[in-house]
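A.B. asks: Can you read through this structure? Questions will come right after.
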Amino acid sequence: MKLILLGAPGAGKGTQATFICQKYGIPQISTGDMLRAAVKAGTPLGIEAKKVMDSGGLVSDDLIINLVKERIAQPDCAQGFLFDGFPRTIPQADAMKAAGVKIDYVLEIDVPFEAIIERMSGRRSHSASGRTYHVKYNPPKVEGLDDVTGEPLIQREDDKEETVAKRLEVYSAQTRPLVAYYSDWATEAPDEAPKYRAISGTGTVEEITERAFKALSN
């Protein structure tokens, strides 16, 4: 099972990736982890990437694709792999196609942006313990206070509505076009393109997992 998982930030990709990887016995590959591992291992590509990152530059798509090819050739990818957050742009998808990286499925987890904003901006946490709450779905007993200590809860910078909206804007501009890219390719060249599947990402975690497994079995 060679899979690309698509979806906006906050759509629940991380949760579903864990279940999919467990079911199929495949590793989850994110470009961030891959870059860090290559830099740590001191591979030629890792050394090259480190130079770019140390100078504050962005790692080129060519370098990322070469790292991807190196990573998926490792033994733990024999049964397949799941790409999370890659490709992020059309040029990366084109480069992956040109490099002959074969993918079986592209699975999109589709959640309306309003639902994502509500889901993320409603999160609150107790910094000392890491306990998390949600103002609507899992509220504390007393508004704004931790159930155990009674200390004030905070809203992380990442969860503030304007931060979430900004991330969704970047996703709309850069990554959302991949939905059309893969669905069009699947329609035009079904024999060589990955199978494209979209599922709704609203509902319980169990419902979404069930939809994901069903989509990947046909």
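Counting starts with 1 at the first residue shown.
Including glycine, each Cβ sits where the backbone N, Cα and C put it.
Note that the coordinates shown come from a computational prediction; the quantities given were computed from them, not determined experimentally.
As listed in Swiss-Prot for this protein:
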- Gly10, Ala11, Gly12, Lys13, Gly14, Thr15, Arg123, Thr132, Tyr133, Gly203: ATP binding site (BINDING)
- Thr31, Arg36, Gly57, Leu58, Val59, Gly85, Phe86, Pro87, Arg88, Gln92, Arg156, Arg167: AMP binding site (BINDING)
- 30-59: region 'NMP' (REGION)
- 122-159: region 'LID' (REGION)
A.B. asks: Determine the C-alpha span of the ATP site listed in the record, that is the greatest distance between any two of Gly10, Ala11, Gly12, Lys13, Gly14, Thr15, Arg123, Thr132, Tyr133, Gly203, in Å to the nearest whole number.
C.D. replies: 20
A.B. asks: Between 0 and 100, where does the mean pLDDT of the region 'LID' (122-159) sit?
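C.D. replies: Its mean pLDDT is 96.
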A.B. asks: Have a look around Tyr133 (ATP binding site) and count the other CB atoms within 10 A of its CB, chains all included.
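C.D. replies: Looking across every protein chain shown, the total is 21.
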A.B. asks: Say you check the Cα of Arg156 (AMP binding site) against those of the binding-site residues Gly10, Gly14, Arg123, Tyr133; which is nearest?
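C.D. replies: With Cα distances computed to Arg156 (AMP binding site), the winner among Gly10, Gly14, Arg123, Tyr133 is Arg123.
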A.B. asks: By the DSSP assignment reduced to helix, strand and coil, which category contains Arg88 (AMP binding site)?
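C.D. replies: The residue in question, Arg88 (AMP binding site), is coil (DSSP, three-state).
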A.B. asks: Quick check on the binding-site residues: of Arg88, Arg123, Arg156, whose CB has the lowest count of neighbouring CB atoms inside 10 Å?
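C.D. replies: Least crowded of the binding-site residues Arg88, Arg123, Arg156, by Cβ count within 10 Å, is Arg156.
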